[in-house]
Amino acid sequence: LLLCQELSLLRFLSAELTRGYFLEHNEAKYTERRERVYTCMRIPRELEKLMVFGIFLCLDAFLYVFTLLPLRVFLALFRLFTLPCYGLRDRRLLQPAQVCDILKGVILVICYFMMHYVDYSMMYHLIRGQSVIKLYIIYNMLEVADRLFSSFGQDILDALYWTATEPKERKRAHIGVIPHFFMAVLYVFLHAILIMVQATTLNVAFNSHNKSLLTIMMSNNFVEIKGSVFKKFEKNNLFQMSNSDIKERFTNYVLLLIVCLRNMEQFSWNPDHLWVLFPDVCMVIASETAVDIVKHAFITKFNDITADVYSEYRASLAFDLVSSRQKNAYTDYSDSVARRMGFIPLPLAVLLIRVVTSSIKVQGILSYACVILFYLGLISLKVLNSIVLLGKSCQYVKEAKMEEKLFNPPPASAPGKPPNKSQNKCKPSQEENLSASVTSQPVHPKENVIPLLVASSSDQFLTTPDGDEKDITQESSELKHRSSKKDLLEVDRFTICGNRID
């Protein structure tokens with residue numbers, strides 16, 4: 001009996017030492033695991049491509065407020081003042097786009113003068129006197145409040161624009177242009193103050209001796225990973241998160257610029273102090289980038305989403321830019337960026353103008369000449385950025401085969417009614433129309449044509465998770481791939497997908 005037990009034990013040890021297995025028996029499983037590793041390795045590159053493209057889109061909309069918007073307001077006012085010389089040829093005094101430009105310019109000017117009553121220095125010392133934990137809580141509350149302001153702010157501005165430009169023949173169903181205007185001014189002013197408090201808190205973190213508050217703020221980004229990666233995401237939800245990350249990163253860049261301007265002013269524009277701030281700025285940017293990469297890598301891994309989806313997101317953003325340059329465009333590009341990403345440039349522009357004018361003193365003819373040259377440089381940067389973005393956007397739209405959607409009319413003429421089939425007209429050559437439509441200027445619409453309301457079906461999604469597409473035939477997968485691209489064009493920043501907004 002003992003001999004049998006020893007023999008069985010020896011046989012067991014021998015089997016454990018010599019036992020083999022063949023991975024090719026489960027080839028599909030291991031191939032899928034290897035593809036997941038390759039996908040995680042591709043995520044940083046694809047994500048940063050999308051981030052860079054989106055940041056330049058936000059920069060284009062942001063520079064528009066400083067460069068082309070004042071010129072457009074000047075041309076609209078010139079037309080308004082010289083209208084008696086030409087006579088009333090049209091029933092409208094101004095075109096809808098010119099009315100919106102004047103409203104934006106007036107809101108900017110009023111909010112700029114209102115911001116003079118907010119003392120930045122008093123706010124800085126008030127925040128600096130608080131404890132570190134209290135500042136950490138305040139900063140988190142400010143982030144939540146910024147998202148809530150952004151979600152409702154663009155609706156307030158859109159309501160103002162539509163109330164001021166809708167046809168007067170319709171039955172009045174609104175409270176009037178003046179109440180909407182005061183609501184818009186109040187929103188921009190409050191949102192600008194909110195961003196100023198954010199910038200002041202970040203400035204206090206930079207100037208703290210032990211950098212404890214700055215470390216806590218950066219660690220807050222890593223808490224974002226915990227709240228994101230272990231939840232179910234579909235392509236539409238990930239698209240929203242990507243847009244939110246683009247907006248957040250660009251806003252952080254502007255906040256860092258404001259912090260540097262305020263610190264340089266306090267040190268009499270000593271260039272040596274800039275190198276003191278440079279490591280902290282790089283640390284904040286690096287932490288934000290690392291958090292975005294880790295978050296998107298694990299979200300795509302856990303939800304079986306390929307890295308190619310970021311090229312679809314980029315094509316959707318490019319589609320917005322190209323469609324806003326058409327003759328029949330029904331929205332301004334800066335407004336479409338605001339709806340898609342939640343980035344509203346007006347409050348941030350008001351704050352930046354306020355900080356720059358209070359930090360830099362302009363005295364003498366040479367100083368004014370430098371300001372004019374700087375303004376011309378901004379216009380050149382805006383034009384160059386727009387040209388490059390337009391070329392890249394046309395390339396992305398062609399690669400995604402989305403040219404035919406550019407020439408489709410807006411979906412519906414009224415809420416709850418199906419679109420009229422007679423509106424679908426014959427389309428010319430796509431290659432010629434794509435190059436011609438993005439360079440043509442808007443024509444004056446006929447007076448008997450009523451502007452159409454775009455009925456969004458963003459709450460109906462046909463996209464299925466990638467894990468369910470593996471057992472489907474090739475034809476049905478191609479149809480779902482096309483439908484997912486179509487759905488991305490209908491997803492704005494604050495559409496509720498899967499009961500989640502992020």
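Cβ atoms here come from the backbone N, Cα and C positions, even for glycine.
No curator has checked TrEMBL annotations; they are predicted automatically.
Features reported for this protein in TrEMBL:
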- 51-78: transmembrane segment (TRANSMEM)
- 99-118: transmembrane segment (TRANSMEM)
- 181-206: transmembrane segment (TRANSMEM)
- 343-360: transmembrane segment (TRANSMEM)
- 366-391: transmembrane segment (TRANSMEM)
- 407-443: region 'Disordered' (REGION)
- 408-418: compositional bias 'Pro residues' (COMPBIAS)
- 423-442: compositional bias 'Polar residues' (COMPBIAS)
- 460-485: region 'Disordered' (REGION)
- 470-485: compositional bias 'Basic and acidic residues' (COMPBIAS)
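Residues 103, 107-108, 110-111, 114-115, 118, 120, 123-124, 127-128, 135, 138-139, 142-143, 145-146, 149-150, 152-153, 156-157, 159-160, 213-214, 217, 251, 255-256, 258-259, 262-263, 277, 280, 344, 346-348, 350-351, 354-355 of the same chain, all 6+ positions outside the transmembrane segment (181-206), place their C-beta atoms under 8 angstroms from a C-beta of that stretch.
Here the transmembrane segment (366-391) touches the transmembrane segment (51-78). Their Cβ atoms form 3 or more pairs under 8 Å, with each pair 6 or more residues apart. Counting residues 6+ beyond its ends, the transmembrane segment (99-118) has Cβ neighbours under 8 Å at 65, 69-70, 72-73, 76-77, 160-161, 164-165, 181, 184-185, 188-189, 192-193, 196, 332, 346-347, 349-351, 353-354 in the same chain. Sequence-remote contacts of a segment are chain residues at least 6 beyond its ends whose Cβ falls under 8 Å from one of its Cβ atoms, and for the transmembrane segment (343-360) they are 58, 61-62, 64-66, 104, 107-108, 111-112, 115-116, 120, 149-150, 153-154, 157, 188-189, 191-192, 194-196, 199, 246-247, 250-251, 254, 257-258, 261-262, 264-265, 334, 337.
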